[in-house]
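Copied over from Swiss-Prot:
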{"type": "TRANSMEM", "residues": "33-53", "note": "transmembrane segment"}
{"type": "TRANSMEM", "residues": "77-98", "note": "transmembrane segment"}
{"type": "BINDING", "residues": "HIS83, HIS182", "note": "heme b b562 binding site"}
{"type": "BINDING", "residues": "HIS97, HIS196", "note": "heme b b566 binding site"}
{"type": "TRANSMEM", "residues": "113-133", "note": "transmembrane segment"}
{"type": "TRANSMEM", "residues": "178-198", "note": "transmembrane segment"}
{"type": "BINDING", "residues": "HIS201", "note": "ubiquinone binding site"}
{"type": "TRANSMEM", "residues": "226-246", "note": "transmembrane segment"}
{"type": "TRANSMEM", "residues": "288-308", "note": "transmembrane segment"}
{"type": "TRANSMEM", "residues": "320-340", "note": "transmembrane segment"}
{"type": "TRANSMEM", "residues": "347-367", "note": "transmembrane segment"}
Amino acid sequence: MTNIRKTHPLLKIINNSLVDLPAPSSLSSWWNFGSLLGVCLGVQILTGLFLAMHYTSDTATAFNSVTHICRDVNYGWLLRYLHANGASMFFICLYLHVGRGLYYGSYTYSETWNIGILLLFAVMATAFMGYVLPWGQMSFWGATVITNLLSAIPYIGTELVQWIWGGFSVDKATLTRFFAFHFLLPFIVAALVMVHLLFLHETGSNNPTGIPSDPDMIPFHPYYTIKDILGFLVMLTALSALVLFSPDLLGDPDNYIPANPLNTPPHIKPEWYFLFAYAILRSIPNKLGGVLALVLSILILTIVPILHMSKQRSMMFRPLSQCLFWLLVAVLFTLTWIGGQPVEHPYIIIGQTASVLYFLILLVLMPLTSITENHLLKW
């Protein structure tokens with residue numbers, strides 16, 4: 001008798017995606033992050049759902065409702081900090097996942113890659129709107145500063161900002177709509193994840209060598225399910241340690257002060273996972289130029305497949321490209337650090353240099369290095 005998982009219409013889909021899926025035998029731990037992101041999304045949706053049961057999206061009560069969750073709701077503090085720090089884990093996994101794709105040439109699967117970039121934008125939008133909900137000082141001023149950037153768009157900018165705000169400033173209408181979108185977007189993200197996996201399973205997974213692995217495949221279960229479970233345990237241990245020992249490590253103390261439109265915090269900055277983009281935004285003196293650079297810092301990923309000049313797919317056997325890749329990582333760390341610093345000398349010039357380097361590496365140096373490597377190998 002044929003196993004039910006191979007005949008049942010619904011179980012058949014799950015089976016072909018998670019059990020009998022042929023996977024390359026050489027996948028390293030860098031391929032764990034896709035499943036880790038799935039776990040992060042699940043944790044965020046569950047904790048978010050329970051938080052939404054107690055949260056009120058009204059400017060008069062939002063801050064107090066978050067305090068109420070932490071003090072009066074059973075394990076409310078745990079839910080709140082799991083959700084806040086879960087977002088940080090989400091972005092750590094997300095950036096490592098994208099980095100893996102860049103290093104091993106996974107971007108040559110253009111449909112999967114482009115849906116991935118769309119997912120990145122959706123998750124960033126969700127995180128931004130979620131940061132506004134506790135209605136602390138940094139929530140309010142972060143929302144004001146970031147939404148105000150849209151006013152740089154010629155002709156329609158000012159009207160667009162007021163349309164998003166639902167008034168002439170960030171107020172009750174803004175908070176209510178941000179809560180609505182913050183609740184809705186994760187489910188759109190979950191749907192996009194399904195499309196992402198659909199495209200991935202059309203082509204099959206890439207592997208560290210970048211060489212087609214059709215003759216050497218193994219079933220996903222039990223080999224990679226066990227490997228993924230180990231990844232889950234490591235990540236959940238790290239998340240638990242963060243939540244239970246230093247839950248506010250990655251947050252901003254200003255967000256424990258209720259939002260006050262009359263009092264601006266000394267340093268307005270987003271959460272750590274947006275600091276690299278924020279540093280790029282601040283490094284350009286012109287408002288519209290800064291906004292364009294901010295958007296392009298992520299959108300640049302869409303043209304990476306076009307700029308792939310190497311005859312090899314992966315960077316595994318390309319030492320010159322590897323050096324550039326790790327330089328790019330160093331530049332991103334530098335930008336993240338600069339984004340959290342005040343706008344003064346020498347941080348301004350460091351930020352500008354790092355921003356120029358970021359675009360230079362991706363647009364010019366990497367393609368040139370690939371061409372050089374092709375010539376060195378007489379290809």
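A Cβ is built for glycine as well, from the same backbone N, Cα and C atoms used for every other residue.
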(message) Take the C-beta pairs under 8 A between the transmembrane segment (178-198) and each of 33-53, 77-98, 347-367. Which stretch has the highest count?
(response) 33-53
(message) Helix, strand or coil by DSSP: which one applies to HIS182 (heme b b562 binding site)?
(response) helix
(message) For the transmembrane segment (347-367), give me same-chain residues lying six or more residues beyond its boundaries with a C-beta closer than 8 angstroms to one of its C-beta atoms, as numbers and ranges.
(response) 279-280, 282-284, 293, 296-297, 300, 304, 307-309, 321, 324, 327-328, 331-332, 334-335, 338-339, 341
(request) Compare the Cα of HIS182 (heme b b562 binding site) against each of the binding-site residues HIS97, HIS196, HIS201 and report the nearest. (result) HIS196
(message) For HIS83, HIS97, HIS182, HIS196, HIS201, listed as binding-site residues, tell me which one has the smallest number of other Cβ atoms within 10 Å.
(response) HIS201
(request) Taking only the Cα atoms, work out how far HIS83 (heme b b562 binding site) lies from HIS196 (heme b b566 binding site), in Å, as a whole number. (result) 24
(message) Within this structure, do the transmembrane segment (33-53) and the transmembrane segment (226-246) have 3 or more Cβ pairs under 8 angstroms, counting pairs 6 or more apart in sequence?
(response) yes
(request) Provide the three-state secondary structure of HIS83 (heme b b562 binding site) computed with DSSP. (result) helix
(request) Whole-number Å only: compute the distance from the Cα of HIS201 (ubiquinone binding site) to the Cα of HIS97 (heme b b566 binding site). (result) 17
